[in-house]
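**Student:** Quick one: the structure is below, questions incoming.
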């Protein structure tokens, strides 16, 4: 699947600062310490609607990680999926009287346009679930063979499920207790009451074909993948086991990331699917959670059509820390645009305070669990001084502009 063109990223001079990130599984900030090539998998969209600001905040978080790692001299093997086989896509397509494949392609194209406008670095591998069906079938077969999966006793719909007790470490990624797991499983696409399951938490691996649903042939009979096994297969086949970062929104901690990890761990015998589990918080609107059910989603494409500078969207979402639930509002956007105008005026100044010193601080702040509030505050103070009184560094404006482009993904000019 084709993604989108990546913007050019300037090369930064000066010493690198090792990246430290909060690991959900350890509930602590830990050093990432990748090798020459850092592997990162981020769960992608289900393409039944346009990209909203909650999506954007997640992908901008991992774009920052990508940029910090690259600035530190690492190559990044970035993999992202598209969940183009899923119930919400089928339901929306049926509601709108459109083929689910056409809807998925249309919304994936719009997502790519939004990511390009936001200057998000594209993944090296951008893989749809439809493209990975054979990989899923192979993984399901291995899990059945080693006893980590079973077929429910249902002659009409013999679905395949993963045994939650297949590995002794199940639950380490989220750290949730049983009651919390059961609640989130029911709320987030699980089927705890499905007759024939051995445990209410057992996760669907292969859904036997139902009338009116797309299906693919397999040794287990015609059907389609479950949600979690798609990401497990895609990541395993491109990054292996023990890659650096598994990422997504905080709503994916459980069940999605817990089970994706468990599927691969049960297949390979390894104890840790990824070395770090990193999650971005949720975005609300005017103090309320942003959600489909509330009808208060703010779409990136809508803001773009209204003439909003995508760089202002980036800065508005960077105003708060990535792990803090936060609200979007007209005031947030206005502050972001004012900040962007100030910075661009400073980049055009004849001189400024010491640019290299500021860049060093920016690298330290972003390497410290992506502390964008500190980074933005430091840039504001520098820019205000550059605009009002200049400074002793004639190269400062260009030095800082290059760093802002490389690290924050904000272009010097509109």
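Placed from the backbone N, Cα and C atoms, the Cβ positions cover glycine too.
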**Student:** Of 112, 231, which one shares the Zn(2+) site with 43, 256 in Swiss-Prot?
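**Tutor:** For Zn(2+), Swiss-Prot names 43, 256; of 112, 231, the listed one is 231.
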**Student:** So which range, 187-192, 193-198, 199-204, 205-210, gets flagged motif ''ERGGDP' region' in Swiss-Prot?
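**Tutor:** Range annotated as motif ''ERGGDP' region' by Swiss-Prot: 187-192.
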**Student:** According to Swiss-Prot, which of these ranges is motif ''KMSKS' region': 279-283, 284-288, 289-293?
**Tutor:** 289-293
**Student:** Going along the chain, which residues at least six beyond the ends of the motif ''ERGGDP' region' (187-192) come within the CB cut-off of under 8 Å?
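**Tutor:** Residues packing against the motif ''ERGGDP' region' (187-192) from afar: 87, 200-201, 203-204, 227, 251, 254-256.
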**Student:** Average pLDDT across the motif ''KMSKS' region' (289-293)?
**Tutor:** 68
**Student:** Ten-angstrom check, please: count other Cβ atoms within 10 Å of the Cβ of residue 283 (L-cysteinyl-5'-AMP binding site), all chains counted.
**Tutor:** 25
**Student:** With DSSP helix as H/G/I and strand as E/B, how many residues of the motif ''ERGGDP' region' (187-192) fall in helix, strand and coil?
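**Tutor:** Helix, strand and coil residues of the motif ''ERGGDP' region' (187-192) number 1 helix, 0 strand, 5 coil.
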**Student:** I'm trying to understand the geometry here, so how far is the Cα atom of residue 231 (Zn(2+) binding site) from the Cα atom of residue 250 (L-cysteinyl-5'-AMP binding site), in Å to the nearest whole number?
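**Tutor:** Checking the Cα atoms of residue 231 (Zn(2+) binding site) and residue 250 (L-cysteinyl-5'-AMP binding site) gives a distance of 16 Å.
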**Student:** Which residues, sitting 6 or more apart from residue 58 (L-cysteinyl-5'-AMP binding site) on the same chain, put a CB under 8 Å from its CB?
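**Tutor:** Long-range Cβ contacts: 42, 247, 248, 249, 280.
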